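Swiss-Prot annotations:
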- G169, D170, R171, Q172, T173, G174, K175, T176: ATP binding site (BINDING)
- S373: site 'Required for activity' (SITE)
Amino acid sequence: MQLNSTEISELIKQRIAQFNVVSEAHNEGTIVSVSDGVIRIHGLADCMQGEMISLPGNRYAIALNLERDSVGAVVMGPYADLAEGMKVKCTGRILEVPVGRGLLGRVVNTLGAPIDGKGPVEHDGFSPIEVIAPGVIDRQSVDQPVQTGYKSVDAMIPIGRGQRELIIGDRQTGKTAMAIDAIINQRDSGIKCVYVAIGQKASTIANVVRKLEEHGALSNTIVVVATASESAALQYLAPYAGCAMGEYFRDRGEDALIVYDDLSKQAVAYRQVSLLLRRPPGREAFPGDVFYLHSRLLERASRVNAEYVENFTKGAVKGKTGSLTALPIIETQAGDVSAFVPTNVISITDGQIFLETNLFNSGIRPAVNPGISVSRVGGAAQTKIIKKLSGGIRTALAQYRELAAFSQFASDLDEATRKQLSHGQKVTELLKQKQYAPMSVAQQGLVLFAAERGYLEDVELAKIGSFEAALLAYADRDHAPLMQEINQTGGYNDEIEGKLKSLLDSFKATQSW
């Protein structure tokens, strides 16, 4: 075979002409230390705060400490096989999670990856987990209710759309139960829900998911999970990921509800990350910015005006306001609400529901202490019928608690005092409610009307529960149009008052409880 020099030179020229030089600039660094999920990297001169750093094995770390000659980052996932000398790259991206309607009904981890075995998640795009909260001009006042389905909460501590209402109490006082019931009550309200589980047992979360499914609320809910076995970094970031998923609905003129269960564990995870990054500790060994940790998260829960929604959707949605309502949960130690994290979150939120161990153990469930529970903005959002009928409930309970304490020392009580004590006991009994049994506005209105207008006076204390059950069954069976009307309008006028009075009179005549 004879080589033709002309052909060879032509072939080389063609190859040179077709040769495509692709050059990529990578900001590359070297791992200099690995310990407890925290890595120190040398050489990442252009790294941003919060930037994702690409690690070997398709993993990422987040840059949290930018120092003069190194970067401190926390690994998102397993880190046992990382070693000194390994090369890492900057990505130029802040941590993002998938958002959209496809996430409803799914259980995902902090990074938005599905963990429920139902296949890949359908999403409408990605959103950064850290977003600046809407400004003052973009907000609208809270004036629409979020019904929790609990008589004691909706009557005395009402929650509005766009509000931040803290649920606080010791362990085993029913905090999660209250939040889950609030989610179950939204299944027909059109409010989308996000439940963020932080640092809990996997078995507990599985039980919550099963209960949501049983009550038909899972299809309306996104469950974001960072279990106790996951790294502190994932537990610290889980609430921000859940918030980004909830903001998707708020920014498109819809209403969403997010539950953070619980922020005490998030603060502990953040403390762990901060100490590993060698940040200086402060009170209770928490870092100096633990207030900002929660304030920047909870400020994102808001009600935004129609102009904000229109600008965000580029005119696709007009004349609609959006809201994200937050129910953060805080666990206290022996009822100490003056500890560091509880006082921080109390000062950030728009009110708190305080659950007490003593009330819970004495059978008063939900164990709400109406004396120190408050809603600072929810009153404007309360439905008309509940607002009108609930005024005397808080007063009756306050007077009852005062008299009950006094009556322990008094041997003989006058008739008026005995009557007040009896009424207070019956109202307390009436406000008891079983778990997974949220009540509609009409049912609450009817029960409050009975308490307010003295229909409980001749009912024995032991029969209050059966009286309520029989009354609600009677109303749903024989007065369905009235109940439907109240549920639709939430209104209260002389006509509705007259109908409720005749309903209760006819029910009392049956003596069927």
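Including glycine, each Cβ sits where the backbone N, Cα and C put it.
Distribution of Swiss-Prot features across the structure.
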residue: G169; record: ATP binding site; CB count, 10 Å: 27
residue: D170; record: ATP binding site; CB count, 10 Å: 18
residue: R171; record: ATP binding site; CB count, 10 Å: 11
residue: Q172; record: ATP binding site; CB count, 10 Å: 12
residue: T173; record: ATP binding site; CB count, 10 Å: 26
residue: G174; record: ATP binding site; CB count, 10 Å: 19
residue: K175; record: ATP binding site; CB count, 10 Å: 26
residue: T176; record: ATP binding site; CB count, 10 Å: 20
residue: S373; record: site 'Required for activity'; CB count, 10 Å: 22
Taking the center of the Cβ atoms of G169, D170, R171, Q172, T173, G174, K175, T176 at the recorded ATP site, which other residues in this chain have a Cβ no more than 8 Å from that point?
-> E331, L355, T357, F360, A367
Spacing of the two Cα atoms, T173 (ATP binding site) and S373 (site 'Required for activity'), in whole angstrom, works out to 15
Determine, to the nearest whole angstrom, how far the Cα atom of G169 (ATP binding site) is from the Cα atom of S373 (site 'Required for activity').
-> 11
Integer Å distance between the CA atoms belonging to S373 (site 'Required for activity') and T176 (ATP binding site) = 17
Check R171 (ATP binding site) against DSSP and tell me helix, strand or coil, would you?
-> coil
